[in-house]
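Visitor: Before anything else, here's the structure in question.
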């Protein structure tokens with residue numbers, strides 16, 4: 001064939017360009033490059049005087065502020081208060097979202113009963129509920145935690161319901177024919193199958209929990225990162241404000257890392273076997 | 001009637017205006033292997049699904065044993081369960097179940113794959129897991145819904161031998177739904193053809209195992225069944241020839257298939 005028209009040259013080994021055979025160190029470096037570039041740009045801007053401290057403090061000032069806040073114990077306290085709030089709220093929201101999602105996704109009567117009201121509630125901006133929650137619960141932890149729970153329920157609900165509805169119906173039929181009960185079906189087939197959707201719901205809910213946290217803490221908080229921010233705002237401390245923003249950003253990054261880890265550990269059957 | 005595994009009388013199933021099954025009668029004795037042939041849309045899978053309690057009937061009487069299992073056309077393994085867990089799915093947990101599951105896997109030649117994920121198996125291996133999953137429950141009625149249709153020709157022949165051997169060993173009543181005439185004649189004690197909602201043929205296969213497709217009785221039965229299915233072979237070559245039918249209009253070596 002081609003050897004007839006071309007002189008017989010030396011043979012080569014075919015080298016497939018497969019995804020995923022990049023060394024971990026390289027991929028980690030590339031991943032950290034983006035944030036590092038951002039920090040570099042910020043540093044350059046404030047060092048050249050483009051960014052004055054009254055607009056936003058430069059990185060050295062921020063590092064100093066971190067040291068100061070950490071030394072006085074303000075930052076650890078605020079962090080602990082905020083993480084407890086968003087963690088508790090997120091947990092409540094996730095449980096509610098998964099339970100409602102499984103019920104509406106898996107049973108027709110559940111879908112008919114709950115879905116339209118949940119879809120209606122989903123479009124309510126949770127910020128609009130802040131005054132109402134204040135009236136109902138006062139300036140308490142409950143109000144803040146419930147606000148976060150409310151905000152995080154719906155992304156989880158929508159993702160879970162979608163994932164559960166997408167379960168392979170042939171697989172369900174087969175499992176039923178072997179005598180598997182409804183609870184076991186949900187636990188052993190539906191939820192593992194819906195895990196990718198659950199994890200994307202978790203990603204969205206984690207982000208929202210931080211956003212709802214800011215909203216809850218900006219109003220009448222006496223502890224937490226949001227409180228630290230409103231204090232800094234009152235005294236025009238842009239370095240402290242930058243610290244708080246960085247803390248939120250780090251929370252987002254950590255949340256993403258957690259989901260990535262979960263993806264690896266919760267779904268060991270994925271990524272195994274050939275593409276087909 | 002303790003020696004009867006399946007008794008169907010006057011079974012009807014209607015989809016919209018069309019009666020897919022219309023007054024169908026079928027009896028399968030305990031330990032008997034019945035193959036059901038039919039063109040696409042003839043209702044053979046519907047009949048199997050009714051026997052397996054996956055579909056309802058619109059009339060008639062259906063009696064089946066308590067313990068029935070199904071091997072579907074696709075393996076239908078839970079991707080998040082390892083092979084052994086898939087085999088003993090919905091069975092009580094414990095060491096005894098584990099042991100019976102492993103024994104069933106060894107029977108289908110997959111004893112060493114117990115801890116593998118379904119995603120790592122080949123099509124034939126996955127279908128063998130599905131077979132182990134069906135046999136591990138010691139069914140009185142085994143329903144096979146075109147279980148070899150998605151396999152390549154070589155794997156299909158090996159799977160047919162395996163199914164035949166395991167069914168002769170465990171002796172469940174078997175209903176094999178297929179559109180492969182050779183497969184039906186190779187495996188079954190009796191072959192039935194479903195057309196227009198009822199069985200038009202119900203013929204015993206009186207050939208000793210292992211069955212040779214070149215055997216005159218095999219070829220004669222194949223020709224008769226193809227005729228019942230509406231396929232008429234124009235040229236009949238010497239039926240005793242080992243390399244049977246190589247004419248382009250004739251069926252492929254693995255069997256005459258209707259699709």
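Including glycine, each Cβ sits where the backbone N, Cα and C put it.
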Visitor: Under TrEMBL, the annotation transmembrane segment belongs to which of these stretches: A:60-79, A:120-139?
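Guide: In TrEMBL, residues A:120-139 carry the label transmembrane segment.
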Visitor: I'm validating the feature mapping. Which of A:145-164, A:165-184, A:185-204 is tagged transmembrane segment in TrEMBL?
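Guide: Checked against TrEMBL: transmembrane segment maps to A:145-164.
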Visitor: Among A:89-108, A:120-139, A:145-164, A:240-262, which stretch has the highest count of C-beta pairs below 8 Å with the transmembrane segment (A:208-228)?
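Guide: Per the Cβ count, the answer is A:145-164.
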Visitor: Go through A:120-139, A:145-164, A:240-262 and flag the stretch with the largest number of C-beta pairs under 8 Å relative to the transmembrane segment (A:89-108).
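Guide: Looking at each of A:120-139, A:145-164, A:240-262 in turn, the most contacts to the transmembrane segment (A:89-108) are made by A:145-164.
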Visitor: Can you name the far-off residues of the same chain, 6+ from the ends of the transmembrane segment (A:145-164), with a Cβ under 8 Å from a Cβ of it?
Guide: 85-86, 88-90, 92-94, 96-98, 100-102, 104-106, 115, 118, 121-122, 126, 129-130, 133, 137, 190-191, 193-198, 200-202, 204-206, 208-209, 211-213, 215-216
